[in-house]
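S.K.: Handing you a structure now.
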Amino acid sequence: MVDDSNYLTPHETALAVVATAMKKARLQLDTLLINSILGGVLFSSGSFLLVAVYSEDPDIVARNPGIVNLITGVNFAMGLFYVVMMGADLFNSNILFFSVGVLRKAVTIYDLMISWVVSWLGNIAGSLFVSYLFGHLSGISSQKLWIIGSRQIIEQKVSYSFVQTFLKGIACNFFVCLAIYLQLMAKPIHVKFILMSFPIIDFIGIGFTHVVGDMSASFIAMLNGANVSVGKYIWKLLIPASLGNIVGGLFFSAVVPFYLHLVVVERDRKRLSLPEYEARDEQPELNMDSRVVRIQKNECDDDATETGEDLENLTEKGFASIYNTNHDNSSYFTGRSLNSLRSIPSSVITSDNVTMESDLGEPVQFIPKSNSTTRSPHLGLPHNLPHNHSIKSINRHRINKRHSLRSPPGVFPVRGMGEPLEREKTIEDATYDPKENELFLRRAETHNSAYVKNKKKEDDNLLRLVKTEEDREQKEYEKNGGYNILENKPGTRLEKIITHLAENVSSREVTPPILPRTTQDTFPHNAPASSPAYTDDAHSLRKANSTTLGGLFRAVSKEFHSSKDAESPDDLLKKMAAVGINRNARITANNVAGIVNLNKEDLDSTTRRQKITEPKNFYNRHTSPQL
């Protein structure tokens, strides 16, 4: 199956799911919304046919409902086929793509949230648009039989409990994801339709619940006056079916593509040292599912030349025009005329290792007019290119120039482009270890001179340098003019918004009050360098307090105290004596603090009448004059 270009192996199909998820993650919101509305419009064709079959021949429904279920299964398969071929977005299929993508770490949870929410809302909008405009207003769904049939359909669906609808939704999307997965394995269009038809017929015939498939039928019935309110439809059908489809899609995605076809296969290949392949996406364009193929590593460079096969069909005249365009023939060829050049057999010209030598005469010597490197308008090659290049080597020269452009970050490795970045290599092959990359090891030794000497920290350094190398490659790609997909996709914007909101909420939290620092805390006599006043925590605390309104008010107002007219030192001494402070204590207070530092509010307190006794053999040594 590997050699057949029309089919893919399960491992290649699982990688195609990952590549498609990365492709859908870079869709802008307007494109994603339009794709989702289109998906609802296209898939509603199955719902319209469901109502038509059940309404216009009620006798068959009553006598042989199995035939009706088989027919409606084919109808929904047609709707899914339209969605896949047009590259539209369906909520149920996006569950498959982004679940595997998140498990593979190819996309983020923010990409998943945007895709699921927008596609879900877009499918609702598209289904409602078709049901109202082309169903109700056109009068098609207002026919008597359609009114009766549509009412019966939705009233039967909402008759189940929440849990019953939830369980039916789980089984339904398991089959839908299986249908999407099977069609990825085939390239012919008719085979795609056949493969996706079987699972769709299964879940329709059994009676499972598809949230998008039931939308148009439910809207038609409610517009026809069914005994179902909008709230009842949302609670009994829309919500349980959506949740069930999510669970069923997650289960299929985690078990089949991710675990069985990616983890198990790659783990076994590494254990047995099986031949290694490079996986490349040959359909990287938007609005279409990816197609991942495997090629051997030594074939990656030669693969780029396949796109230049049209150049190999050039005639000898076209080949000769490379050398004589806008110039005189005699200026380029000596010893041989241009006719002798044209007489060289084509088999000789198209050989890989051929030179312009033959048995017809002396070798042709190329003599350029000047050292100009003006490019030929035909092939874009310099005129001073040596003549011994064959057409195939010229093709390789041009294609390899394009091939040297690395596969962009955030995109699954593209066939025909250069080597992907480190992050994309790990997405392509989970067993790839950047630490084993020879080029990476050389750069690691350059960045860290102690890398080889300190074996104990070797692994930690490598893990750190892996991220450094990935960032370096991405910056180098952007510097060369590459488009940064990772910074411009909607999921990244959503992540930045949520992070910004979280930071604002955390910054609004009130800082718990702390006691003022003492002189000993600020300037410890035994270790001044370890003072908390000079630590980062103290600096950040002072900065935080200074940026708040309360902190600014405290900083400005702490130097001011309410007071009346200035008092003389005699008045202060009298108040000190009135509260019981003796003369020697008053003198000591004057020597230690000074009169200007006395606070009269402390002296006014009548509760502080504690008598200060005079220390013995201490104040006799003071010679300060009495006040």
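Quick reminder: no glycine exception, Cβ is built from N, Cα and C everywhere.
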S.K.: Hey, in Swiss-Prot do Ala88 and Ala217 share a topological domain, i.e. the same side of the membrane?
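M.R.: Taking the topological domain names from Swiss-Prot at face value, Ala88 sits across the membrane from Ala217.
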S.K.: From Ser340, Ser358, Ser546, pick the one Swiss-Prot annotates as phosphoserine?
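M.R.: Per Swiss-Prot, the residue annotated as phosphoserine is Ser546.
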S.K.: Looking at Thr31, Thr499, Thr588, which residue has the phosphothreonine feature per Swiss-Prot?
M.R.: Thr588
S.K.: Could you let me know which of Thr305, Thr522, Thr607, Thr613 shows up in Swiss-Prot as phosphothreonine?
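M.R.: Out of Thr305, Thr522, Thr607, Thr613, Swiss-Prot attaches the phosphothreonine annotation to Thr305.
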S.K.: For the transmembrane segment (246-266) and the transmembrane segment (33-53), check the count of CB pairs under 8 Å (sequence separation 6 or more) and say whether it reaches 3 or more.
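M.R.: Since fewer than 3 Cβ pairs under 8 Å link them, the transmembrane segment (246-266) and the transmembrane segment (33-53) do not come into contact.
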S.K.: Could you give the mean pLDDT over the topological domain 'Cytoplasmic' (267-627), rounded to a whole number?
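M.R.: Value for the topological domain 'Cytoplasmic' (267-627), mean pLDDT as a whole number: 60.
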S.K.: Among all the protein chains here, how many other CB atoms are within 10 A of the CB of Thr588 (phosphothreonine)?
M.R.: 19
S.K.: Under 8 Å, at least three CB pairs between the transmembrane segment (67-87) and the transmembrane segment (219-239) (pairs 6 or more apart)?
M.R.: no
S.K.: According to DSSP, which of helix, strand or coil covers Thr588 (phosphothreonine)?
M.R.: helix
